[in-house]
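Right, one structure below, let's go through it.
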Amino acid sequence: MAGLSDLELRRELQALGFQPGPITDTTRNVYRNKLRRLRGEARLRDDERLREDAGPREDAGPRGPERQREEARLREEAPLRARPAASVLRSEPWPLSPSPPAPSAASDASGPYGNFGASASPWAASRGLSYPPHAGPGPLRRRASVRGSSEDDEDTRTPDRHAPGRGRHWWAPPSASARPHSALLGADARPGLKGSRTGSAGAGRTRPEVGRWLERCLSRLLLWASLGLLLGFLAILWVKMGKPSAPQEAEDNMKLLPVDCERKTDEFCQAKQKAALLELLHELYNFLAIQAGNFECGNPEKLKSKCIPVLEAQEYIANVTSSPSSRFKAALTWILSSNKDVGIWLKGEDPSELATTVDKVVCLESARPRMGIGCRLSRALLTAVTHVLIFFWCLAFLWGLLILLKYRWRKLEEEEQAMYEMVKKIIDVVQDHYVDWEQDMERYPYVGILHVRDSLIPPQSRRRMKRVWDRAVEFLASNESRIQTESHRVAGEDMLVWRWTKPSSFSDSER
């Protein structure tokens, strides 16, 4: 038993009906002891079966020839139904005690199955299992057929899966009390898959959690940032939409209007006059608010402005309330004399200024246009988008201006550097010319400015380098004492020349 590998140990335990867990160095000895106990229990059960079957074995002798004939018929039909029989035998429980044939029948039937029994005996001995001699080749024959179809089914089959019937043959159908194949293996009939799942779960638990924690933090940060941006955008929309118009507030203000009851002073007259004036102002307020809202939301009525002319407003009020023009003028007079904001502006010839008297009123405009929620949202969204675009345009303009300034500064630096390089070249040319003159290699001690330019700048670059050359000439005239600019007549023409001035070796104090 000590020489069994882990796979063989697992198969032995599964064959005896025990489902082992992971086999490691610490659990291997435990499973070996378990296998030893299970084998001992199996031997005890086999001995009990031998003692119990000793009596019924004598009664089963006369049925030996019939059993031989039935087995011969089944062997002839076995090739035709080999595949279905294998699938049936996988789930069929082993019989507890098959009816043994008579001694004479067993000796006669040992011929066809003698080789199989002899080959199966060493396997049973290596497994540590003992089978009674009277049990016949039925269980072993079933084992051989099932092993021929699948090696894995042999490992998971247990020798103690027997039906409670004592005289049931091995080819008889299983009884209702037989235990299924999956019940013997436990909840998980595939130990290899269970072990692989356990191993993967252990590997997942040992995986470092730093990356997952960082992912969770980043996802939460993005979520809160998105919610913050959404709330900010909704707040901007709400601010741009403004508060909805409140006609009830205007109506409450209108209830404070004085009533024109000059001729009639009774309470009924005053109540009627007050109700009529409130109705007129309420209708006027609604009319102006709707017209102003339509003008702001697409202007479907093609209005010139949201300031409605007085005559048009008066005609509308007369059609709706059937009130005379005097009452309309009285309402305008009260609006002008009231210090409260009723939501109606009275404008004169200049739309930017409010009228002070009824005669100067040209048009009426609502201070709180009545717009739908869709129009308010679209206007707020348009305003927000416009402001954002203006901001980005300003930002782009400033960015472009900065890029332009940086480009300009870089060009100036490059031009200044080129000017210094040109000054160095001019000094070298003039100094070399003076040295050549001292060595009688040149006729004159000076050299023409244009001659120096033509020798330093190629023709195709003179237009591009003109600014650099002019700055170099100015720099030499104002900052270089070793080069003097003079005017000489050369070849009959006056020409500006440069002369190299050699500094004296001694100062006046040394002399």
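For all residues, glycine too, the Cβ spot is worked out from N, Cα and C.
Feature annotation from Swiss-Prot assigns domain 'LEM' to 2-42.
Taken from Swiss-Prot, the feature N-acetylalanine applies to ALA2, supported by similarity to another entry.
As annotated by Swiss-Prot, region 'Disordered' applies to 18-110 (among others).
The compositional bias 'Basic and acidic residues' annotation in Swiss-Prot covers 38-80.
Swiss-Prot lists 80-112 with the feature region 'Interaction with lamin A/C complexes', giving similarity to another entry as the kind of evidence. Looking at the region 'Interaction with lamin A/C complexes' (80-112) alone, the prediction's average pLDDT is 38.
Residues or ranges marked as region 'Required for nuclear retention and interaction with LMNA isoform C' in Swiss-Prot (evidence: similarity to another entry): 80-141.
The compositional bias 'Low complexity' annotation in Swiss-Prot covers 81-94 (among others).
Residues or ranges marked as region 'Disordered' by Swiss-Prot: 128-206 (among others).
Among the features that Swiss-Prot reports, compositional bias 'Low complexity' is placed at 172-183 (among others).
Taken from Swiss-Prot, the feature transmembrane segment applies to 221-241 (among others), supported by sequence analysis.
Taking Cβ pairs closer than 8 Å, the transmembrane segment (385-405) reaches no residue in its own chain that is 6 or more past its ends. Marked as transmembrane segment by Swiss-Prot: 385-405 (among others).
Feature annotation from Swiss-Prot assigns region 'Winged-Helix (WH)' to 403-511; the stated evidence is similarity to another entry.
If you look up Swiss-Prot, you'll see SER505 (among others) marked as phosphoserine, on the strength of similarity to another entry.
Sequence annotations record features per position, and here Swiss-Prot assigns phosphoserine to SER507 (among others).
The phosphoserine annotation in Swiss-Prot covers SER509 (among others).
Residue counts of the region 'Winged-Helix (WH)' (403-511) by helix, strand and coil are 61 helix, 19 strand, 29 coil (DSSP-based).
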